[in-house]
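Participant: Pasting a structure below so you can have a look.
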Amino acid sequence: MSPQLLTQPVQVLAAPGDRHDEILTPAALDFIGTLARTFAPDRARLLKERRRRAMRLAEGRPLDFSMVTRPIREDPGWRVAPPAPGLTDRRVEITGPPERRMTINALNSGAQVWLADFEDATAPTWDNVIGGQLNLLDAIERRIDFTTEAGKEYRLATDRPLATIVVRPRGWHLDEEHLEVDGRPVPAALVDFGLYFFHCAQRQIDAGHGPYFYLPKLENRDEARLWNDIFLLAQELLSIPRGTIRATVLIETVTAAFDMEEMLYELREHSAGLNAGRWDYLFSIIKTFGHRTDFLLPDRARVTMTAPFMRAYTDLLVRTCHKRGAHAIGGMAAQVPGKDPEANAAALAKVRLDKEREAQDGFDGSWVSHPALVPLCREVFDDVLGDAPHQLSRTREDVAVTPVQLLAVRKVSGAPTAEGVRTNISVALRYFAAWLRGQGAVALDGLMEDAATAEIARVQIWQWLRHRQIDRETVLALVEEELDALAAELPYAPLAEIRDLLQRTALSTELPLFFTPDAYTRHLVRTREPRS
């Protein structure tokens, strides 16, 4: 695709911050602007198609594997690009926001990969967005450090390899309202991708790695094709060799589960594999089919990865990846170690069982949220992989998944419990409180939670109300009880805004697709007149 050149400069609608000028250089802004002018129309078209597809599914159109792309699935002759430098062995990946201390701890953790997350684990304040880019640049330049108020110092290790950086930009549904092109906000995905690629792609290549990404919330092959077009143009504009970029797609929407092979195909010269999420996948199922009683889910704690429809999804993911030479990466272990040895032992036992299942099922690696979980995850995968960096040769030809199996949600039956309802309300409110103060990843009840947890929590409340599994008066009473508890814990929490956010996203008649776009515009945007 030919680039659409800028006719006027990108407008920065935010006050200057410390060192922001190192990221928001004229050349970097021109690069972002070119990407936005070239691809924003395609992004808008695909978002409209999302809405049309959602309406068709709501009207009863069956979800199935496409007959149009059947030749792609049946063609044995294509494979994705070979693993790029630093991505051959991915047995342990640690995730987290690109905050300064987190950046250092993640790179030092002993994990093979760090997912630097501008999406679910980052509340997208302008300072977080640009500060995260600065932290990545400083880390790649090996000049990053951090000192706490108590005087504890954090620095990059010099006696062992650091984790390979893989950046997750925000999803297609989000805008960055502090940057405008032609009077319109720049798609947030292009901001996060573009700034990192502009400043760090060549630096990463020179360091022996490359510009690597995780792609969130994609719904089908067309959205993967758009990313591939972006990669091609970005590499051309900066004279980076074609095929240098690598991207792993998160399969966290139910429609994407029916398009996995096609998504690998569209990205094949840039593909690094697929990842199996949990909460966002369940969140997507409720968004897509929440109006139907046969998709009514019980307490989310009961919907484990061994549920038949979840097992079908992960087995198909491994089968699809290994058929095409791509890595299959497992889901998150979100446990955060605490001060209770007995509770820690129980939590680690659960992590071990989950990682053993993934390794035995054929996954090539898995996610953890805390450095303390890295040794356990590595040990489990070491036991299965041995000296091999992956198990791509395990093609799982025993797997033959049908649409019925992928959608067999009714096999996980049960009404919501009082504890499950209260937990969802409590977690949603406490997460919203953290998000509104600029914190996208927060430890709650011994788990590191991000926006995906808040999404599944609030849509379950909505689904249970819609199908009269719970009554509205009970929910409203629980909301007030949990707000009182939150006020005791955080006296300065903006309770009115938190209550309003839950009411608009969980207690309304129509279900908002995401809580983040409207909440971002209402609470996190701090624009001013464009700078000259």
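Backbone N, Cα and C define each Cβ position, glycine as well.
Annotations for this protein, taken from TrEMBL, read as follows:
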DOMAIN    10-67  domain 'Malate synthase N-terminal'
DOMAIN    164-408  domain 'Malate synthase TIM barrel'
ACT_SITE  Arg168  active site, proton acceptor
DOMAIN    417-521  domain 'Malate synthase C-terminal'
ACT_SITE  Asp450  active site, proton donor
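Neighbours and distances for these, please.
Facilitator: Residues in the domain 'Malate synthase N-terminal' (10-67) partition by DSSP class (helix H, G, I; strand E, B; coil) as 37 helix, 2 strand, 19 coil.
According to its DSSP assignment, Arg168 (active site, proton acceptor) is in a strand.
Per-class residue totals from DSSP over the domain 'Malate synthase C-terminal' (417-521), listed helix then strand then coil: 71 helix, 6 strand, 28 coil.
For Asp450 (active site, proton donor), the count of additional Cβ atoms within 10 Å of its Cβ stands at 27 [all protein chains shown].
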Participant: Any idea what the Cα distance is from Asp450 (active site, proton donor) over to Arg168 (active site, proton acceptor), rounded to a whole Å?
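Facilitator: On Cα coordinates alone, these residues lie 14 Å apart.
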Participant: For Arg168 (active site, proton acceptor), which residues in the same chain are close in space, meaning a Cβ under 8 Å from its Cβ, but six or more apart along the sequence?
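Facilitator: Leu115, Ala116, Asp117, Phe118, Glu119, Phe213, Tyr214, Leu215, Pro216, Leu250 - these are the non-local Cβ neighbours of Arg168 (active site, proton acceptor), listed in sequence order.
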Participant: Taking the domain 'Malate synthase N-terminal' (10-67) alone, what is its mean pLDDT?
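Facilitator: A mean pLDDT of 96 is what the model gives the domain 'Malate synthase N-terminal' (10-67).
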